[in-house]
Amino acid sequence: MKKARDLFFLTTYRTLHKTPNSSNSNINSITAATFQETMQTPNHDSSPQRYSYNPTLNWNPHLHNYFTKAYGSDRFSRISSALTRPSRYSCIRVNTLRSDSDTVIEKLRLLVKKSSNADDCGDGDDVVNPLKECLDSDSGPVFKCLIPGLDYVVFVWGSGPHCVDYGNVAPKEVIVSRKCAEAVLRGAQVYVPGILACSAHVEEGDTIAVSVSVEQKGSDGSWSAGMTRGIVLQGSETDPFYLERNGLYIGQGTAMLSRAGMFRVTQGLGVDMKDRVYELHSFHNVLEGEIFLQNLPSIIAAHALDPQMGERILDMCAAPGGKTTAIAILMKDKGEVIATDRSHNKVLDIHKLAAELGLSCIKAFKLDALKSVSRRNDNDTFIDTSHNNATNDVKNQVPSNLQVERISLFGTESFKTETLEENGKGNKAHEGAYPSKAEIRKSMRKARNGPGRNQSGGGRVDSSKGFDPDSFDRVLLDAPCSALGLRPRLFAGEDTIESLRSHAKYQRRMFDQAVQLVRPGGVIVYSTCTINPGENEALVRYALDKYKYLSLVPQHPKIGGPGLVGSCEFPDGYVEEWLRPGEENLVQRFDPSAPLDTIGFFIAKFAVGSKDT
């Protein structure tokens, strides 16, 4: 085991750190030519290239130029290509308070079949992932992470890209939305809401190809799929977006409904995927409470925080609670983990996950991250709304000085009944006492479609007005960002220089809050899931220049690559400064095109010195 571990880290170090940190550096990414090899299927009359998966990200031209300056043309091309495919393994965090890695591995091996690579179409198989190097060929696709300190992490290997045989004639097919396709590439099935169009005469049980409709820019400048749900596909060039779907076939499966059924119902399984371009295992409802599916860089971000038992820790933008629960488990559920999010429903998600994993040290509050520091009252003292209300009851106790938000979702009948009862068994007490037709229609839509993005699902959450300065030992700020590191990604057209700058300004304001909340001698970990230097290295530059008592410190474990050094000048004269020489190896940048095959991610760790200096 020691020999294998030494080999792992020797290889990892050589592959990730042997190149200089410059805009033209190549951190051992897969070659663009390898990725662009066509996954050809038997010749169809329409086009030998059509029934393949060979997507291209179309970036905003100004944004493309910016990233090319940051990374160099070749490296950005590799990153852009890598973003269009999923990581070829799933990363699972074991709940060590309930189980252990060996037990979980044995259970997963009974559930997971070994993936076959016989029909692979290439795409980087010549590049060895150091995470897989020490994999015993007899162990199947499930194995323990060998990175020191991360033995509670388990990898389940998938495979791909595969050459899918769609037959010798144009197949029946469905077109799915881009978001549906991205989920399918990660291992999901095709559900009815994601289906946009379908061939004529499709019946339950038919073999059906699945292609993707990526958003197109309209004449008014907006982006949309450009088709009305329910369109009939004829399999000819007269079909909508026929040419745009070339190279965007993600596999085939069995139709679980007829064509009419797919557009008559509002939920349920539409296509059971049998042959996929990427074979990744689904862990829906698998070992609940024992495992949590999480990206490797996210796990490392929580680990880099180095939480200790008994400490008071803040996770500022915590939903859905992955890093929050990781921190609590590392603390062995002893201490206090405060998790905040400004969304009512997302706070409910944190409660649910904490309960599922059996964690009692987590307290979740509804709070805007920009208002994390409590305001002074008339007596010029800070109001701390939750520091003195520590409790191990995540779900039930409501401290007296917290605002409780309770929102009920009602349907049409209950709405009318309540209104009639209030007005004396149906007697109209005053004008407007009865719901209007518009209100009734809205209530009916709500009952049919469920709560909307900004509507509560009806649970109870505790709202906070902020916390005292210097009241936390450690703070994790996994900031809301442009998410340009998440994969697979089939669309990037809406992002602009202006939108990325807006994200960066928002993150600086949140970081200003975090700095005030951490005590001297404490720690701040800042992370994002984007490849944008303006939200990563530029934030570090801002933090170090503004707060002289902050300093970058080493992270453990350290398997990500170095950050970007230098700066970028924009056409409008704005200069964005990044890291300075000597700082690049104190951060971790996860390149999606590197051999580790992770999402794009960034982590910086700051030590907080004396604030009096």
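Each residue, glycine too, has its Cβ placed from N, Cα and C.
Small disclaimer: the values here were computed from a predicted structure and weren't measured.
Database features (TrEMBL):
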DOMAIN    224-609  domain 'SAM-dependent MTase RsmB/NOP-type'
BINDING   CYS317, ALA318, ALA319, PRO320, GLY321, GLY322, LYS323, ASP341, ASP368, ASP478  S-adenosyl-L-methionine binding site
COMPBIAS  418-431  compositional bias 'Basic and acidic residues'
REGION    418-467  region 'Disordered'
ACT_SITE  CYS529  active site, nucleophile
Per-residue pLDDT averaged over the domain 'SAM-dependent MTase RsmB/NOP-type' (224-609), given as an integer: 84
Cα distance (Å, whole number) from CYS529 (active site, nucleophile) to LYS323 (S-adenosyl-L-methionine binding site): 13
Nonlocal residues around ALA319 (S-adenosyl-L-methionine binding site), in sequence order (Cβ under 8 Å, 6 or more apart): ALA339, ASP341, SER343, LYS346, VAL347, ASP349, ILE350
Inter-residue Cα distance where the pair is CYS317 (S-adenosyl-L-methionine binding site) and the residue listed as 'active site, nucleophile', in Å: 13
Other C-beta atoms that fall within 10 angstroms of the C-beta of GLY321 (S-adenosyl-L-methionine binding site): 27
Nonlocal residues around ASP368 (S-adenosyl-L-methionine binding site), in sequence order (Cβ under 8 Å, 6 or more apart): ARG342
